[in-house]
Amino acid sequence: MQLPRLEQEELRGKRVFLRVDFNVPLENGKVTDKTRIEKTLPTIELLIKKGAKIVIGSHLGRPKGKPDPQFSMEPVFEVFQGLVSVPVFFSKDVVGEQANQLSKQLKEGEILVLENLRFHKEEEENEAGFCKKLASLADVYVNDAFGAAHRAHASTEGIAHLLPSFAGLLMYKEITELSSLLSRPAKPFVAIIGGSKVSSKISVIKNLIDKVDHILIGGGMTYTFLKSRAIPVGNSLVERDFEVEAFQLIERAGVAGVDFQLPVDHIIADKFDPKAKTKTVDKMGILDGWMGMDIGPKTVSNYEKVIKNASTIVWNGPMGVFEFDKFAEGTMAIAKAVSKSKAKTVVGGGDSIAAINKAKVEDKITHVSTGGGASLEFLEGKKLPGVQALLKQPE
Ligand code: AMP
């Protein structure tokens, strides 16, 4: 996939509409984690160096297509302002008089941050008129919002058909790293798949099954797989509607010669509660009245052996209810094993990233994907509209 790159482009004095993913967590109107803003800084610094006039657009939360003060970009703008050394302005509208005026007044290297794109329902509708208005704010479009690339919205898709368009540095890195997993990854290739539900990961497993050598399963989805093999799971989380598909997946892995491993022991609890009574069960099955909350020590040791020999690892989803300390050990152990591995390691999905951060090993991972939904869809083999639009340039 040849994404149009930014590095060689002459942008001095040109207005650039830069779509970013500044959809950061807020608490009482304050940004609680600025990682997503920081990840875009290399692109912004490059644009500043090139003398571009930068118009930044992002969504924030789900304001339902109309202005809603609790989703204003203003607190994000304030944090962002502290991270760059050039003048930054804020427009209280997106495509109105103020945005128009301010975008025209920008000098080389200066930045304008627009209000939340999703204050207009036309953004998510990818409405043609709105795309035109966004495009009128700039001469060039750069998309660095990998986290929103699976959405065909005006600022991620429509606008790319109206302006010369480029991938930002973060977008380029994400696509390059994730693509390398799907095309000729170094072997052995290990997929570690966890998280709550089989239903949300089944398409990823299906797409990876012909590419990987090992699949290591953890988290809540374990119990649908076990149930499908008639192994008792007590009160553990089970998606009844997916038992047949889970069973078929295990069969398919067998046919493809993939080593498909399920947990062989568990940390169980009498209820879903951080203070629950817990036990370690040294077998696959779980008795009535108990629920599986984390992988057990034998499973950790089995998985560590596979991870140690891997050349490529992709990890998506925690191994247990890691938000509760009593059930975080399995996930932490896997995070550490992945970080120690010499393999190329790619971690995706909000909760796996939180686990990597909790284990303090982020700097030892080859690539931590910023887009939960987008990286899942990419690994499912789907084409992301925001990426496809960059490949088709305006006539
Ligand atoms: P996902 O967003 O699908 O990656 O799922 C992440 C969520 O799965 C986390 O909030 C975990 O608490 C949850 N989870 C992991 N293991 C279990 C389990 N054994 N039972 C219930 N939920 C789990």
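Cβ atoms here come from the backbone N, Cα and C positions, even for glycine.
As recorded in TrEMBL, the features of this protein are as follows:
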- D21, F22, N23, R36, H59, L60, G61, R62, R118, R151: substrate binding site (BINDING)
- R36, R118, R151: (2R)-3-phosphoglycerate binding site (BINDING)
- K201, G292, E323, G349, G350, D351, S352: ATP binding site (BINDING)
Spatial neighbour of D21 (substrate binding site) that is closest, considering only the binding-site residues R36, G349, S352 and their CA atoms | R36
Would you mind ranking the binding-site residues G61, G292 by how many other Cβ atoms sit within 10 Å of each Cβ and giving me the lowest?
-> G61
In terms of DSSP three-state secondary structure, what is the assignment for R36 ((2R)-3-phosphoglycerate binding site)?
-> helix
Select, from D21, R36, G292, E323, G349, D351, each of the binding-site residues with a Cβ positioned under 6 A from at least one atom of ligand 1; if none does, say none.
-> G292, E323, G349, D351
With G61 (substrate binding site) as the reference Cα, tell me which of the binding-site residues R151, K201, E323, G349, S352 is the closest one.
-> R151
Pairwise C-alpha maximum, in angstrom, for the residues (R36, R118, R151) that bind (2R)-3-phosphoglycerate according to the record | 18
Cβ-centroid neighbourhood (8 Å) of the (2R)-3-phosphoglycerate site, R36, R118, R151 excluded | D21, N23, S58, H59, L60, L117, A145, G147, A148, H153, T156
Rounded to a whole number, how many Å is the Cα of D351 (ATP binding site) away from the Cα of R36 ((2R)-3-phosphoglycerate binding site)?
-> 15
If you measure every Cα to Cα distance among D21, F22, N23, R36, H59, L60, G61, R62, R118, R151, the residues said to bind substrate, what is the biggest one in Å?
-> 18
